[in-house]
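Have a look at the structure below before the remarks.
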Amino acid sequence: LQDIRNTVGNIPMEWYQDFPHIGYNLDGKKIYKPIRNKDELDVFLEKMENPDYWRTVQDKMTGADIKLTDEQVDLVHRLQRGQFGDVHFDPYEPAVDFFTHEVMIHPVTNRPADKRSFIPSLIEKEKVSKLVHAIKMGWIKPRKPKDDTPTYYDLWAHEDPNSILGRHKMHVPAPKMKLPGHEESYNPPPEYLLSEEEKLAWEQQEPAERKLNFVPQQYRCLRAVPAYSRFIHERFERCLDLYLCPRQRKMRVNVDPEDLIPKLPKPRDLQPFPTTQALVYRGHTSLVRCLSISPSGQWLVSGSDDCTVRFWEVCTARCMKTLPVGGVVKSVAWNPNPTVCLVAICVEQSVLLVNPCLGDKLLYGATDQVLESYVPPEEERVQPVQWVTATVEEHSKGIRLLIQHSKAVKQVTWHGKGDYFASVVADNSNMQVLIHQTSKRWSQNPFRKSKGLVQCVLFHPIRPYFFVATQRYVRVYNLLKQELTKKLMTNCKWVSSMAIHPGGDNIICGSYDSKLAWFDLDLSTRPYQLLRHHKKALRSVAFHKHYPLFASGSDDGTVIVCHGMVYNDLLQNPLLVPVKVLKGHAMTLDLGVLDVLFHPTQPWVFSSGADGTVRLYT
């Protein structure tokens with residue numbers, strides 16, 4: 001029985017899937033689909049509650065839900081198993097022979113063969129002769145041999161002009177010419193006409209500088225306007241502009257300038273660091289070239305061009321002692337060993353070892369006893385320098401030993417243990433750097449040949465390495481193996497000073513071309529960062545022993561204190577943040593700050609300047 005609710009006919013029901021109706025009845029009225037607005041929740045509930053949900057299907061024709069009967073479910077199951085639909089159909093019935101296998105005497109048909117089956121066909125003959133005639137007449141062309149030459153075609157012929165890959169995706173239309181204004185008029189308002197002076201000024205100007213490239217003129221009427229003399233010239237210039245001035249689209253990247261600045265922590269989060277000038281140590285009459293501090297942090301020594309060395313008490317700025325040395329003091333270095341009270345001073349061609357006799361009497365007494373207990377060896381050894389014991393007069397001043405060099409000494413630095421020290425001589429030979437041992441009064445020259453002008457040297461704080469800074473390179477030598485381990489390129493024109501981080505893996509170099517180079521020795525032989533904070537040459541750089549601070553003093557009269565955090569995690573790069581510019585020194589003879597130095601325990605920094613003062617910032 002046909003369902004008469006839907007008389008649509010045998011058409012695909014997908015045609016109506018987006019419409020509310022499903023077809024038309026005999027009167028041409030729309031047949032609406034039953035309202036099916038079950039959401040997933042309704043479907044789920046029905047699935048749970050309706051026991052016949054599994055045998056319910058939707059009729060595509062009417063959109064109604066139909067419950068399958070048992071026979072229909074059976075039929076579906078059989079078809080799913082690949083069996084026949086009809087239960088009663090037997091696919092394995094016995095076969096019936098239509099023809100017998102016995103040969104019979106009578107044939108099925110006995111018709112005699114046609115005559116046409118063994119005579120050539122006349123119709124075919126006629127067709128062939130027609131084709132031959134057509135080929136002879138040239139009406140039918142024989143097949144052309146295949147052409148093997150490759151065909152070329154225009155790749156861009158069918159290109160969409162608006163597509164990005166179009167031929168001229170960067171086409172920029174020519175800029176339009178400026179439209180004429182009132183001054184171009186044949187009868188301009190009187191204020192646009194030039195006076196005599198303006199005309200003269202216009203004629204004297206360069207053509208490129210003129211505001212107008214013509215002189216405005218007035219005519220009675222349009223008929224009286226002559227031909228424009230510069231017409232062809234102007235057209236020609238326009239053509240030149242169009243084809244000679246390259247027009248290109250500038251791709252502007254909108255970058256927020258704030259994003260380009262690295263995110264640095266705020267200085268107040270990086271405290272403590274020195275911020276204010278606390279004390280001024282006055283007394284020197286000329287520039288103070290060098291500073292050094294006792295390991296306890298109680299005494300400060302300064303050397304000056306007024307040929308004196310002064311010892312100060314740090315907390316009170318009181319000058320405890322003045323030692324005249326008879327020459328310009330180039331470098332001073334307090335022995336870093338807290339059990340020894342000795343200061344090395346470079347004066348002209350010798351290094352003086354001075355016992356300042358300050359502080360603990362047991363300490364400086366013991367130092368003298370150690371020096372006096374020296375027993376010279378039986379046979380005299382050949383040395384590059386002479387060790388001379390001080391005279392009675394010198395002894396009373398505090399001088400204990402003089403190490404006399406062949407040329408002027410410009411720097412002295414102690415090894416961390418306090419027995420060895422190195423001196424740098426202003427010479428160009430292989431005798432520039434010498435290493436001395438105080439306890440044995442023995443000196444040696446570690447280098448066979450000169451590698452350039454040595455500026456300064458340093459001992460590594462923990463490992464047996466020795467740093468030698470020439471004008472452009474810093475060479476790192478292994479003292480045990482006696483070989484060069486690294487050569488650092490400073491990227492500076494002239495290195496002035498060098499300091500090493502107490503951890504020993506980072507060094508900083510100041511240079512006369514106002515750059516400060518930070519090297520991470522594990523990372524590279526080139527600077528990890530070049531800081532250009534100073535305006536003029538850097539004279540001195542220093543690290544703090546315990547706090548993550550380093551400072552640089554420059555000829556611009558300032559000391560810049562930076563936060564330099566070195567992390568224990570080897571994968572994390574050091575964090576360098578400038579935190580404070582300390583001013584105070586007056587510029588003298590174009591020189592500013594000549595030396596900077598940190599207090600061994602407090603976050604304080606000392607600076608010595610060309611104005612003859614030493615200043616303490618806390």
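In case you wondered, yes, glycine gets a Cβ from its N, Cα and C as well.
All annotation found in TrEMBL is predicted automatically rather than curated by experts.
The annotation domain 'BOP1 N-terminal' is assigned in TrEMBL to 16-274.
Long-range contacts of the repeat 'WD' (281-322) within the same chain, counting only residues at least 6 positions beyond its ends with a Cβ under 8 Å from a Cβ of the stretch, are 328-338, 341, 343, 345-346, 354, 356, 358-359, 398, 588-589, 591, 594-597, 599-602, 606-616. As annotated by TrEMBL, repeat 'WD' applies to 281-322 (among others).
Summarising the annotation, TrEMBL assigns repeat 'WD' to 531-561 (among others). Per-class residue totals from DSSP over the repeat 'WD' (531-561), listed helix then strand then coil: 0 helix, 17 strand, 14 coil.
Over the repeat 'WD' (531-561) the predicted model carries a mean pLDDT of 88.
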